[in-house]
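**Student:** Mind having a look at this structure? Questions to follow.
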Amino acid sequence: MSDSDKKPTLGRRPLGLKTAVEAGEVKQTFSHGRTNKVVVEVKRRKLMGRPGEAAPTAAPAAAATPAPTPVAPPPPPPPPPPPPSASRETRQEMQVRLLREAEEARLAALEAANRREQEERLRAIEEERRRAEEKARAEAEAAAAPAAPAAPAAPSAAPAAAQSAPEAAPAPVAEPEVARQPEAAPVAATAPAAPKAEEAKPAAPAVPAPRRFTPVAPAAPIKRPELAAKKPAHPQRDRKTEDRRGGKLTVTRALNEDEGARARSLAALKRAREKERRAHFAGQSQPREKQVRDVVVPDAITVQDLANRMAEKAADLVKALFKMGMMVTINQTIDQDTAELLVTEFGHNIQRVSESDADIDTSADVDPEESLKARPPVVTIMGHVDHGKTSLLDALRGTDVVRGEAGGITQHIGAYQIKTKGGDFITFLDTPGHEAFTEMRIRGANVTDIVILVVAGDDGLMPQTIEAINHTKAAGVPMIVAITKADKPEFQPQKIRERLLEHEIIVEAMSGDVQDVEVSAKTGAGLDELIEKILLQAELLELKANPDRSAEATVIEAKLDKGKGPLATVLVNRGTLKVGDILVVGTQSGRVRAMLDDKGRQVKAAGPSLPVEVLGIGGVPMAGDTLTVVESEARAREVAAYRQERATAKRTAQAPASLENMFSALAAKNAVIEYPLVIRADVQGSAEAIVNALNKISTDEIKVRILASGVGAITESDVNLAQASGAPIVGFNVRPNAKARELIERNKVRMKYFDVIYQLTDDIRSEMAGELGPEAIETVVGRAEVKEVFPAGKRDKAAGLLVVEGVIRKGLHARLTRNDVIVSRTTIASLRRFKDDVPEVRAGLECGVLLQDTNDIKAGDQLEVFEVEMRERTL
């Protein structure tokens, strides 16, 4: 029900408040006979007419507008008829009506939004034209001002027009939508603007055709001043207000209220700005000059990578290579020379680099003469085992190192520095004398300044003494001969000097240039003279180094300590090594955490010729590697990674594969027995010496295969490797840790512990011989000639022999040959002489034999009888 329902009544209705709600009851029926009464209230809907509908006759009032008004837009559609009363509507009809109203409201909002956009567009065009005309007029007035000073009287009509404009503006318009059209803005100030506005009218086809026209007499164009032109237009009525008054507000309508006025997206704004920017620079675009780049080209590079470095298209590079006759793709690798041709052709500069540039080469880095300062000499003591090298060094240092060495022999290279009575410093290197430590002696000879050749006066020149002489000559360092054990009665120094002549070593006592001295480590005789000669030789050499630079050192020995980690005994060649320096040594890098001298004291810096023990290296380096201090950890890691890659490539490098090589390798593998080993030593030099010594005892029948060799305690990985390969673990001065010991006991892995190297080599040699098995030794004891063959029994044949040489015994092995070709290998099963069985027949006698498992016997064959003895093999 609504307020518009007018029912006829006989009398006047009683006074009272009208209720906007009508109540009623609805009976609901459910299953199982249940019912329920619900009170339903129906609210009346209040209808409000749109403004202007109540006074339709006010439309002619628009004729009072003095300015020519463009065609008015069509009036809004009449409001829909009021919906039927709620009491006469079903629920489905109500839903359909609400949906229809919501759809009509949405379409009306969309139409209003389109009209608003069209109005804004027309208004912007009109404003732009107005500004252009004002600018042109201002320029014309400025140009005409000097010629016609009386011209300002012309715009006298402007105030009158300005006065008449406000009177015409507030005239009521029949249609409320006319006030929102762009024509409601002030009329243009100049007459030529009117035809332009008329031309712009057909540009809005989106506006629907008008339903009625307001007759307006064409008025003369009125020239208005700028103030009137800038007067703001009448405030436009908000669409939301009209929507609010336009009937019932529904949920759908409220949610879709702003759908027609959607803002521009961020992407649309970006596209518009980019379009403006391109339009702005369109006239200024000029061909850019090609940028010349410095292109870094390694030894090998792909076409795509080269194109990226040149900032060129990869397809252009491929085309250029095609012109050069090279059919390549962008993923193929080209060499440095081809890359240089491409870089030059495209107008860039090339910078050649090589992978080896990542490495450090200090050989060409020579210190200036003025920066060099005197340094202590480095003296290496070399000689045969048990000739008293360590005892001599103990006498010089005042220590007793010999007593703590296993077997009384030196198996590590030691570095010490002593201070003489005169305050001078001398660095000594003690090298092992055993034949297995050749590499240690070579390293000692290469890093030293002076070599002291120790020869026992009661023993003479031995193999390792001669080897030390050759190493010294190869290193090109001066030599001092120390003839030891002068306290023994068998001491014969003159005999030693004469033996040295065989190796082109002439001592001063025999008019030569090699110094010699007779010493005794037990009594101390000759030690002062030895030190004096060392200092004299060092003075002649003029040993100098630059201490004020980055340090360089040589690794003398390296090991893995359980508590300290990787340790390296280094000898500083030049510069000063300090705590905190970043270093790279071989394939390892790190930072100096601490340094210890030969007495175990911590030092902060180590100058030239000072041996120190360095802590802080990432891994155990190889003995003989060069330690170099670098500027940063990144540089150290780069150098270490490059050296590691190079070492891996060298280790895994193989010869070109061919069928011949494959078959020969397969045959060699089948013919040679391999004896696998896992080796762990206390220091790097000992591990190296053990590997070299074991490789020397390999033969053509059996050879040692080192599965792994390292420094430090035996670990679980070593045990697992040994178990998988069936190899024994050899520990040299090391023991397994707790977990490894448990694995060894559980898996029954063989372990061998040694502390003297020659005991290790002897044991492995006997083990390898046992793998070969006993050796069969054949000894020929007699020969005979077959004179006649006759049958013996049903199948066998007997041979009548004449013993030519030696003796023939029953049960011995025999070879039957015919024309110097072995026919069969057999055994003498029966031996008779004149029908009697005899144990043996000597030379010159005849006999009959029955050979086992063979009947291929002919007259004239030769029979060779031999004994077989099984002996244990030796290597």
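Positions of Cβ are set from backbone N, Cα and C atoms, glycine also.
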**Student:** Looking at the ranges 408-412, 643-647, 853-857, which is given as region 'G2' in Swiss-Prot?
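**Tutor:** Here Swiss-Prot associates region 'G2' with the stretch 408-412.
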**Student:** Need the matching range: Swiss-Prot marks region 'G1' on one of 255-262, 271-278, 383-390, 511-518, and I'd like to know which.
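**Tutor:** Based on what Swiss-Prot states, region 'G1' spans 383-390.
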**Student:** Which stretch, out of 118-121, 430-433, 470-473, 598-601, is listed as region 'G3' by Swiss-Prot?
**Tutor:** 430-433
**Student:** DSSP-wise, what's the residue breakdown of the region 'G1' (383-390) into helix, strand and coil?
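**Tutor:** Summed over the region 'G1' (383-390), the classes give 2 helix, 1 strand, 5 coil.
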**Student:** Suppose we draw a 10 Å sphere around the Cβ of Thr431 (GTP binding site). How many other Cβ atoms does it contain, all chains included?
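**Tutor:** Around Thr431 (GTP binding site), other Cβ atoms within 10 Å: 30.
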**Student:** Where among the binding-site residues Gly383, Ala486 do you find the Cβ with the fewest other Cβ atoms within 10 Å?
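**Tutor:** Looking at the binding-site residues Gly383, Ala486, the Cβ with the fewest others within 10 Å is that of Ala486.
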**Student:** Counting every protein chain present, what is the number of Cβ atoms, excluding its own, within 10 Å of the Cβ of Asp386 (GTP binding site)?
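**Tutor:** Around the Cβ of Asp386 (GTP binding site), 16 other Cβ atoms lie within 10 Å.
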